[in-house]
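These features come from Swiss-Prot:
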ACT_SITE  HIS436  active site
BINDING   HIS117  cholesterol binding site
BINDING   ASN391, ARG394, ASN397, HIS401, TYR409, SER432  acyl-CoA binding site
CROSSLNK  CYS279  ubiquitin cross-link
MOD_RES   CYS279  cysteine sulfenic acid (-SOH)
MOTIF     379-385  motif 'FYXDWWN motif'
TOPO_DOM  1-118  topological domain 'Cytoplasmic'
TOPO_DOM  187-198  topological domain 'Cytoplasmic'
TOPO_DOM  255-295  topological domain 'Cytoplasmic'
TOPO_DOM  372-419  topological domain 'Cytoplasmic'
TOPO_DOM  467-472  topological domain 'Cytoplasmic'
TRANSMEM  119-140  transmembrane segment
TRANSMEM  161-186  transmembrane segment
TRANSMEM  199-222  transmembrane segment
TRANSMEM  231-254  transmembrane segment
TRANSMEM  296-328  transmembrane segment
TRANSMEM  346-371  transmembrane segment
TRANSMEM  420-444  transmembrane segment
TRANSMEM  451-466  transmembrane segment
TRANSMEM  473-504  transmembrane segment
Amino acid sequence: MEPKAPQLRRRERQGEEQENGACGEGNTRTHRAPDLVQWTRHMEAVKTQCLEQAQRELAELMDRAIWEAVQAYPKQDRPLPSTASDSTRKTQELHPGKRKVFITRKSLLDELMGVQHFRTIYHMFIAGLCVLIISTLAIDFIDEGRLMLEFDLLLFSFGQLPLALMMWVPMFLSTLLLPYQTLRLWARPRSGGAWTLGASLGCVLLAAHAAVLCVLPVHVSVKHELPPASRCVLVFEQVRFLMKSYSFLRETVPGIFCVRGGKGICTPSFSSYLYFLFCPTLIYRETYPRTPSIRWNYVAKNFAQALGCLLYACFILGRLCVPVFANMSREPFSTRALLLSILHATGPGIFMLLLIFFAFLHCWLNAFAEMLRFGDRMFYRDWWNSTSFSNYYRTWNVVVHDWLYSYVYQDGLWLLGRQGRGAAMLGVFLVSALVHEYIFCFVLGFFYPVMLILFLVVGGLLNFTMNDRHTGPAWNILMWTFLFLGQGIQVSLYCQEWYARRHCPLPQPTFWELVTPRSWSCHP
């Protein structure tokens with residue numbers, strides 16, 4: 001019995017220690033709980049940052065590795081695994097600069113939609129559309145006693161759409177047949193005068209192609225006074241066809257003219273060119289990475305989202321812009337009114353920018369990519385995280401940036417040498433600014449170089465001053481501030497000019513009256 005006494009005493013002491021420990025733990029648990037929550041949140045944030053950084057670095061590493069492999073492979077004495085034509089291989093040998101490499105990858109927003117926090121932001125935008133619809137119904141019910149949505153602005157913008165779609169057919173046929181036939185004529189064996197005659201005929205076909213694309217849309221839109229949205233269809237297809245046909249010839253013609261010995265060369269297949277005209281890229285390749293199947297529910301979802309963005313934009317213009325700017329030209333001009341109108345337009349302007357980005361660069365391009373099983377969905381990158389305008393211009397629209405980089409910047413370096421980097425970059429800005437201004441002039445029906453000045457002058461200065469050396473959240477805030485102000489200036493000035501030309505029409509305007517802003521002198 002005696003040996004059990006020490007054991008009993010030890011058990012009693014252990015019980016007391018456990019009770020004291022439990023009491024102490026209960027006292028400290030309430031103090032440690034907030035620290036544990038904060039520490040958990042901190043670790044989750046660190047984990048998210050590490051994963052995002054690792055994903056970006058891995059993607060860049062893989063892109064670089066694939067590009068280096070593609071560049072190094074033709075130098076070996078082995079045939080390419082793809083069925084690339086002789087002209088494509090000759091082009092790669094002639095221009096050893098960095099070429100666009102297509103790989104299978106998702107769009108960034110599709111990846112971010114898998115994160116619940118980002119999906120909530122998407123839901124907030126949908127809730128904003130619902131609020132606009134409710135407010136429109138409430139205002140119409142209070143003012144006019146009816147509960148019905150009117151889409152007058154939408155119907156006006158898309159007026160005469162069938163005519164615009166009819167004009168698309170000859171534009172498409174011209175792009176489909178004439179450049180490809182020109183390439184076939186130039187690829188014939190160079191023997192005697194037959195090749196010279198064929199080459200001359202090819203130049204005539206290209207001139208006819210350029211005339212159809214440049215003259216027909218302008219003539220139809222001016223003669224029939226097409227509204228803005230119908231003009232958008234024509235001008236975007238006009239620019240797209242010109243850029244695609246140029247890329248097709250630019251990628252194939254150099255290899256053809258470098259063939260020696262008077263031999264002919266195998267031209268790309270017609271099916272590859274036809275696929276290129278519809279796939280969402282402006283860089284021609286004979287083959288692209290393809291997905292295994294088509295998700296038709298994904299296609300329908302993207303088209304529905306694009307339609308929702310269109311309705312969203314109409315509600316924003318109808319509720320936030322039209323009431324403000326419709327009668328502004330009837331009032332005397334003042335700097336105060338102009339400044340207030342610009343600041344008022346910053347909100348609608350940035351909303352329009354985001355809607356255009358999401359509707360076109362994400363929904364529309366992804367829908368066509370899915371229908372055509374086009375694998376490379378990197379139509380944009382994380383431009384919203386940019387801390388410099390140079391990075392913003394590179395990541396906002398990757399589709400157009402790739403074309404400008406390949407055929408304006410790199411060709412400029414090839415012609416001017418490495419010392420001409422500044423001139424090549426200036427050429428990129430000049431081409432982009434002129435095309436943007438042409439699109440605005442075509443759609444709105446008047447010349448008002450707001451976009452030209454903002455893009456070429458202000459954007460060019462910001463590109464060279466706010467470069468990639470600047471990092472940190474302050475620079476991102478500054479970039480967004482300039483975006484807000486720039487969008488406010490565009491929306492305000494273009495809306496004022498639109499209504500001024502309707503309030504103060506000129507019966508027989510001269511050339512200078514056509515190019516002079518009417519909002520500067522219209523005060524009926």
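Cβ from N, Cα, C; glycine included.
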Task: Chain residues outside the transmembrane segment (346-371) and at least six past its termini with a C-beta under 8 angstroms from it - done: 107, 109-110, 278-280, 291, 294-295, 298-299, 302-303, 305-306, 309-310, 312-313, 316-317, 320-321, 377, 379-380, 396-397, 399, 483-488, 490-491
Open item on the list: Can you tell me which recorded stretch out of 199-222, 420-444, 451-466, 473-504 has the most Cβ pairs within less than 8 Å of the transmembrane segment (296-328)?
Closed with: 473-504
TODO: Count, for each of 119-140, 231-254, 420-444, the Cβ pairs lying under 8 Å from the transmembrane segment (451-466), and report the range with the highest count.
DONE: 420-444
Open item on the list: If I count Cβ-Cβ pairs under 8 A between the transmembrane segment (199-222) and each of 119-140, 161-186, 231-254, 420-444, which range comes out on top?
Closed with: 161-186
Open item on the list: Under a three-state reading of DSSP, tell me whether ASN397 (acyl-CoA binding site) is helix, strand or coil.
Closed with: coil
Task: Between HIS117 (cholesterol binding site) and ARG394 (acyl-CoA binding site), the C-alpha gap once rounded to whole angstrom - done: 26
- [ ] Go ahead and report the DSSP secondary structure tallies for the topological domain 'Cytoplasmic' (187-198): helix first, then strand, then coil.
- [x] 5 helix, 0 strand, 7 coil
Open item on the list: Taking DSSP as the reference, which of helix, strand or coil describes CYS279 (ubiquitin cross-link)?
Closed with: coil
- [ ] Take the C-alpha atoms of CYS279 (ubiquitin cross-link) and TYR409 (acyl-CoA binding site) and report the distance between them in angstrom, rounded.
- [x] 23
Open item on the list: Please count the residues of the topological domain 'Cytoplasmic' (467-472) that DSSP assigns to helix (H, G, I), strand (E, B) and coil.
Closed with: 0 helix, 0 strand, 6 coil
Open item on the list: Mean pLDDT across the motif 'FYXDWWN motif' (379-385), rounded to an integer, is what?
Closed with: 91
- [ ] Please work out the helix, strand and coil residue numbers for the motif 'FYXDWWN motif' (379-385) from the DSSP assignment.
- [x] 3 helix, 0 strand, 4 coil
Task: Rounded inter-Cα distance in Å - TYR409 (acyl-CoA binding site), the residue listed as 'active site' - done: 18
Task: All-chain count of other Cβ atoms within 10 Å of ASN397 (acyl-CoA binding site) - done: 19
